[in-house]
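Some notes on the structure that comes next.
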2 protein chains.
Amino acid sequence: MRAGSKILGALALLLAGAAHAEDGYRLWLRAAVATPAAATITLRGDTRTLALARHELAASLPAGANVTLATSADPAVAALKLPFAPLGDEGYLIRPVTLNGQPTVLVAGNSDRGALYGAFALLRHLATGGTLATATLTSAPKVKLRVLNHWDNLDETVERGYAGDSLWDWWTLLDRIDPRYTDYARANASIGINGTVLNNVNAKADSLTPRYIAKAAALADVFRPWGIKVYLSARFSAPIELGGLKTADPRDRQVAAWWKAKADEIYRAIPDFGGFLVKANSEGQPGPRDYGASHADGANMLAAAVKPHGGIVMWRAFVYADTDPSDRAKQAYTEFKPLDGTFADNVLVQVKNGAIDFQPREPFHPLFGAMPKTPLMMEFQITKEYLGFATHLAYLGPLFQETLASATGRGKETVATVVDGSSEGHRLTGMAGVANIGRDRDWSGSTFNQANWYVFGRMAWDPTLTAEPIAREWAQQTFGTDARVVDTAVTMMMGSREAVVDYTGPLGLAHLMATGHHYGPGPWVDDLKRPEWNPAYYHKADRQGIGFDRTKSGSDAIAQYASPIAKRLADPGTTPERELLWFHHVAWDRKMPSGRTLWEDLVAHYDRGVAYVGNMRSQWDGVRTLVDTERWQKTATYLAVQEREARWWRDASLTYWMSLNGRPLPASVAAPEHDLTWYKAVRFNYVPGHHD
Amino acid sequence: MRAGSKILGALALLLAGAAHAEDGYRLWLRAAVATPAAATITLRGDTRTLALARHELAASLPAGANVTLATSADPAVAALKLPFAPLGDEGYLIRPVTLNGQPTVLVAGNSDRGALYGAFALLRHLATGGTLATATLTSAPKVKLRVLNHWDNLDETVERGYAGDSLWDWWTLLDRIDPRYTDYARANASIGINGTVLNNVNAKADSLTPRYIAKAAALADVFRPWGIKVYLSARFSAPIELGGLKTADPRDRQVAAWWKAKADEIYRAIPDFGGFLVKANSEGQPGPRDYGASHADGANMLAAAVKPHGGIVMWRAFVYADTDPSDRAKQAYTEFKPLDGTFADNVLVQVKNGAIDFQPREPFHPLFGAMPKTPLMMEFQITKEYLGFATHLAYLGPLFQETLASATGRGKETVATVVDGSSEGHRLTGMAGVANIGRDRDWSGSTFNQANWYVFGRMAWDPTLTAEPIAREWAQQTFGTDARVVDTAVTMMMGSREAVVDYTGPLGLAHLMATGHHYGPGPWVDDLKRPEWNPAYYHKADRQGIGFDRTKSGSDAIAQYASPIAKRLADPGTTPERELLWFHHVAWDRKMPSGRTLWEDLVAHYDRGVAYVGNMRSQWDGVRTLVDTERWQKTATYLAVQEREARWWRDASLTYWMSLNGRPLPASVAAPEHDLTWYKAVRFNYVPGHHD
């Protein structure tokens, strides 16, 4: 009862918000209601989720509309003999029908969650130019687990968070249920996200204590009617830290019993708890390898603990060791591929999109397609750790699409068909996005960053959706349907990630950022303790050339790809230009398809990136009078920052490359503003998202 | 021009906010405007500050009102020969006049700031039941510097902050001017606050680098039209850390030259920079004592640096040393009193209200009245470090009033007449409040905490104002004029701080809180490294009695008070009961004026404190339908927390006292819920406001 009235309270707030000045709080859910009673909305069924769906429709349906929300279990709906079977648990179907002799638009699924997703789909349809008359829609999610990963710490900071502190006010939680928790769940439900990992993968054992389990349960209670399950990151050494055991060896019976009891305890508080996410033996985190056991041993032990309750384990493949001198890009594959077939059936292995770490561009991770017997969960990073934080505009739809559409070289298989399970018939499938959500009023630190949350949800629902239509529907819902604004926004967005690639690391360069906080250029850094922490490790530039040789003559990382791909990558001439220096060490003088040398092309890319940002500023200036003041101004301010910093990246990088290759800039190219000493001396502390 | 349009944008936002659901963002400034053009508001003068005053009035004046905003410099206004002289720089005068043959209500000061304060005073008058017809008001501030101290770190955390991260988004500052900065300045101006120290007294030298000076200048630009000056906390060792000097000895010529150049640099960026606040040789901070120089040497050296620019130095007297075995309560007096008369004329010594550290109750600091040749600035803590953070309701008006009204024992002198300079004719006077403001939507973590910001401003303007009328005017502006709500709020507020005293440390007990984070009870703690960090140091309880003997037979701290006070405090029988155990070690069996023993009285106080909170809950329940949902619910939730935790404080404290005195509880008194072991075992991490 309490939770119910809180939800209604939060909704009332959102409705009242229709008259607000626009500060970004309402995200893409900006429909206003004049007279909530103007439409006829019939509920067939009495669940909180259906009631929420009705509220959503009531806020936005045009006067005179007649809509029915139902599930296929309703006898009158069942009698219509509509194709409900393909919808599965969460799909929806929208179409005009005659029900009990009355014409109505039916919004239904096999579950009330399906109907809720249908309600949001109908509203999206209407907000993007559709009408009720044309509202015949059917969709079912292609991926089962569509999950945000919050790297949120219990002290309420957010690792790599650029939108303020954690949404979760752990200190007051349980007692206070911030209305914002409901608004968060609603936003997620509107784009099909059905799970959320509350705490950082660099986890504290405290999150598994009764105190924090109760707090997580309070959030789960808020999220449940929105179809969202709660998951927790589990610290592998918790049996030692909390249980007083001497070991966390997954083969130890006491350890397994501890986790089983812990899982039982969690499920008593959260009956629909989703399961655990684990970062093990990675960047200092404890794990099964500490005891000579394998990742599968660790994952399966945890999986057994949650299995009786229907829970799952998401086990991250992001591992690289300071004891392993081989190419960092190879290590996850080397460690995980041999484990294929050894994971329990409620384990997913969660693999980052690329083999290094969320760079502006990475070739798809070679594990995709290489572990056919294991469900591989995609991990994208929505927060822009390496793409300019909240201040740079970079729409990640093209990045997600590029990865998902990549052919693995095994028949018609793509990364998307691996992730959605269709390649191998896996039914347990998932996509994770590292959230860009915080306590800032506009949730994601900037209006355009909201689009990255949005596109993640939409592509997790259907990995075959493409970036541009999603950008367009987002812009229509976020800014209204004025085509001048929408076209401008979409145009800016679509090239924005490529611009970041261009001004930070074109032609396959990567990992050239400053140390620790990852903001700004640091390609010269070569003195960090572990070799693979150094930008110099990645670019390997010298007087003759630049790039990481991952062919047979080098680390042979390309051998981790299926042979059609590996063959193509073996030769710089057949390697996609955008990945050239990722796979090859290339002479500065190499003739490129453009007819220019590599060096000339590289310079041109940097310049193109900077110019793109300047162009975004002009475009945004052009819609000044068409966008509400606060959102326009903040975006304009950040575009100015981005242009200055794109120039900084370009100038610092070129200055450094020139210090190595001794080459002049091509004629008519602008000279860097400062010398290398100046760029190397740039230092700042107190950088968001990074807590030493 | 840019700053101007930003200000108007922020105002537009606030006006639009009139239709909002109420989330506390609008503070006590909730006047709504139906038709901004309904009133006639004439500006005589063309300054940004006057324009802001007009906007404030336009938002709230009734239709048909005719008001003129002016300064006494206006010839037509001067011709009225009104008593402008006593208004000084910042005072205002409001009265009906005939100007150029037209009847109008004149709102004027000798400066546009005075007119702005007058505009806010007029709005307060109207919001609290006054009419334009009765609007004849005159006021001038009794205290010159009315300053918030933000203990805000450059990493955007706030030491002892319980309302979210720092308002100052240092990372984006300079580029982005958050509209909230304007809203902050406006709220301060509405209650007469005219200065703000941006950074924590535990300062980083970085705040004095060009990068951060520029950011502070951007804030100063926003605040200036609202009459608010920016100050910075200065790290005393900055000449070493930033300047590369070998020493920070204030007698060193290079050190003085470094600070002079630094001050010049700051004033180039911020021409009206207020000056420095310094915490030196206190809790690990560097200071002049590191070099054998005195606090006056340090303060005067800095004062010389800012003097040519009209700046001042606020030098904190909050010192106690681990090398000094004497009563901590005595040490500031011991160190500072001998320095009276040696400070430069642009130095204020900033003294906390009590001699320990912002406890729920402390006797007034013995330095007040003891340094007649030195302007003493009051330092209150608005943030409730020791009073339950944001979740406990405690209105601090009575605390501030109690301190300010304290007679020093020197003629008619009170702490207020020391602070406002009237005792000794000081013209440089000040009052500082450690801010309770953060990035939370409701600014101060709870609605009732906003009242503490409010009452600080009002009492800084006039230290003779009393707590109850201020509570009433705050409640009227915050909740509307429904007498049922206002009376309830005022009743709850007025006893709320005494309730905290009762359930945490009655009868003069203090400093009994848990270690580090200061949340919850820890009277048993006696094993911390420095003796004066331990609660046991303060209560000195044993089988026979309890309390700190500060008479001649003990630390003789009472000798630091003027003799009429010292005499009264020498005898437990004439010591105010509320300060009894602060000054005396008393037998548990001592007969109290109530006829009960000390032990029985102590128990009764704990019970009274808990009961008061229960009573607040009932009262708040009674206005449920009269207060908007979100603010009502959050307050109700926090009152429930407070009741539970008041009980925790009481039970833990009583259990511990009983373990020492071996006495039973009086008959019919509730037994503690748990045993002492249980209370001692309570531990939690990740506590707000405390960053290890």
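Sequential numbering from 1, following the chain as shown.
Glycine is treated like the rest: Cβ placed from N, Cα and C.
So that you can see what the record holds, here are the features copied from TrEMBL:
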SIGNAL    A:1-21  signal peptide
DOMAIN    A:67-122  domain 'Alpha glucuronidase N-terminal'
DOMAIN    A:128-443  domain 'Glycosyl hydrolase family 67 catalytic'
ACT_SITE  A:GLU283  active site, proton donor
ACT_SITE  A:ASP357  active site, proton acceptor
ACT_SITE  A:GLU385  active site, proton acceptor
DOMAIN    A:445-667  domain 'Glycosyl hydrolase family 67 C-terminal'
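Separating the Cα atoms of A:ASP357 (active site, proton acceptor) and the residue listed as 'active site, proton donor' is a whole-number distance of 12 Å.
Ranking the active-site residues A:GLU283, A:ASP357, A:GLU385 by C-beta neighbours within 10 Å puts A:GLU385 at the top.
The residues of the domain 'Alpha glucuronidase N-terminal' (A:67-122), classed with DSSP into helix (H, G, I), strand (E, B) and coil, number 18 helix, 21 strand, 17 coil. Over the domain 'Alpha glucuronidase N-terminal' (A:67-122) the predicted model carries a mean pLDDT of 97.
Cα to Cα, the residue listed as 'active site, proton donor' and A:GLU385 (active site, proton acceptor) are separated by 17 Å.
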